[in-house]
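Worksheet: one structure, shown below.
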Amino acid sequence: MQQTKQLSFFAVFLLGINSIIGSGIFLLPGQIYHELGLLSLLVIFAAGLVVCLIALNYAVMSAKVSEDGGAWVYANLAFGRFWGFQVGWFGWLLGVITLSAEICALLTALKMALPLLRQSLIFNSVAVSLLLILGIANFFGVRFMAMLDDFATVAKLSVLVGFVIVGAFFFHSGNLALNLPTTIHTQANLVAAFTSAFGVIFYIFTGFNFLPIAAREMHDSKRNLPRALMLIMAVVTLLYLAVQFVVIGIMGSALSNATVPLAQAFAMIFGPVGQLVILIGMVCSILGVAVAGSFNTPIEMASLSNEKHLLPAVFGKHNRFGAPWVANMMSIGIAIVMVLSGGYLFLVKLIVLASFVQYVPTILAVIKLRRAPDLSHDFELPGGYLLPTLAFIATMYLMLSFTPTIIIWGLGMFILGSIIYLLDKWASK
């Protein structure tokens, strides 16, 4: 059953913003300031620039291919069914892991206001309930989820923009002294600290790659998706820089030890009421990413089944609201298992790895298909192969932040995906 295009350009913009801005911008400014001091602004800019380069490659491919599915469709077209399946497999895992991690982050943040959540039984019960609510909401298709997503995004942006505007009036320029942390003594220390902070802050930019997955629900996707990707990345990068700049100006060196920096900064200005306002913003932000993830992740699985038949047909079934109900049940079910297993920080690291697996094949597909005569050339990058090559090199830099445990996990998922692919191929003969 083919779904109807119901998402306007503005809805696409909000969906993209919501897919990216989550718990990280509320929780991580203190950590990267602790590692780099004022240079934390530079690492945010660098990560934003790298992600913009990657997004340009997604924009090129989205203009060439209008199918929903995103990176796996591009890999399938450029490198064949097996690699298309692997990228799609990791893409679906990325969605499930992101959904699980954001629910964990949400309840972890709420422990500040709701001490009962410190009890594991209550924590797990609330987490499962939230996931079930998202799953039920998804059964009502694109239009319902678009309205829910728009509300969450507007609330989130209002809090972040409000923090920047109001916080600017309490900004202390003396807090902008370029003092490196005491742990940095040599150039090697600086490079190591930058690499570590880059790997952490890159997490807050992940999520934009889900946007092409829903391309079929967009009006004039070949025209609107590239424009939306570029606008989204520019807005997010500028917003992150503004938030980090203002929170440094308010808190100064105290930011190094802040666990919930934006809430603590507002508490310094307005007391408990200020902290509560930011906490509400965090809830909206994290729920927004969870909503976007719960919407996109089942579509990823359904597209693997429907577009190129890389999964059994049952995973592509839709209900009368146009929602992929089987894929929805599978995604929510696995997310519940992952939430109950715990390990938020480990999930964050897996998100970066799974994102890496999406980015590299997409960039390589741009290089390989640049001159393909049967594909659209309405949107191409200037400079020939220069920008895709720079994006590839910058993305490979992420590998320096992967621990052996994360790499082993990635190899394990690759092997498991290969087994699933081969079994399905054998069963379809």
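Keep in mind that glycine also has a Cβ here, set from the backbone N, Cα and C atoms.
Source: prediction; values computed, not measured.
Annotated transmembrane segment per TrEMBL: 7-30, 36-56, 89-110, 122-142, 154-171, 191-211, 231-256, 276-299, 320-340, 346-367, 379-400, 406-423, in sequence order.
In this chain, the transmembrane segment (276-299) lies close to the transmembrane segment (7-30): three or more C-beta pairs between them fall below 8 angstroms, excluding pairs fewer than 6 positions apart. Ranked by number of Cβ pairs under 8 Å to the transmembrane segment (191-211), the listed stretches 89-110, 346-367, 379-400, 406-423 are led by 346-367. Here the transmembrane segment (231-256) has long-range neighbours at 13, 16-17, 20-21, 25, 29-30, 32-34, 38, 40-41, 44-45, 48-49, 51-52, 55, 157, 160-161, 163-164, 167-168, 170-176, 181, 204-205, 208, 211, 262, 264-265, 268-269, meaning same-chain residues at least 6 beyond its ends whose C-beta is under 8 angstroms from one of its own.
Under the criterion of 3 or more C-beta pairs below 8 Å, with sequence separation of 6 or more, the transmembrane segment (7-30) and the transmembrane segment (89-110) qualify as touching.
Looking at 89-110, 346-367, 379-400, 406-423, the range that has the most CB pairs within less than 8 A of the transmembrane segment (36-56) turns out to be 379-400. If one looks beyond the transmembrane segment (406-423) by at least 6 residues along the same chain, the residues whose Cβ comes under 8 Å of a Cβ in the stretch are 82, 85-86, 89-90, 93, 310, 349-350, 353, 357. Panel annotation: around the transmembrane segment (346-367), residues 54, 57-58, 60-61, 70-71, 74-75, 77-79, 83, 86-87, 90-91, 93-94, 97-98, 100-101, 104, 199, 202-203, 206, 209, 338, 381, 385, 388-389, 391-392, 395-396, 398-399, 401-403, 406-407, 409-410 of the same chain, lying at least six beyond its termini, place a Cβ under 8 Å from a Cβ of the stretch.
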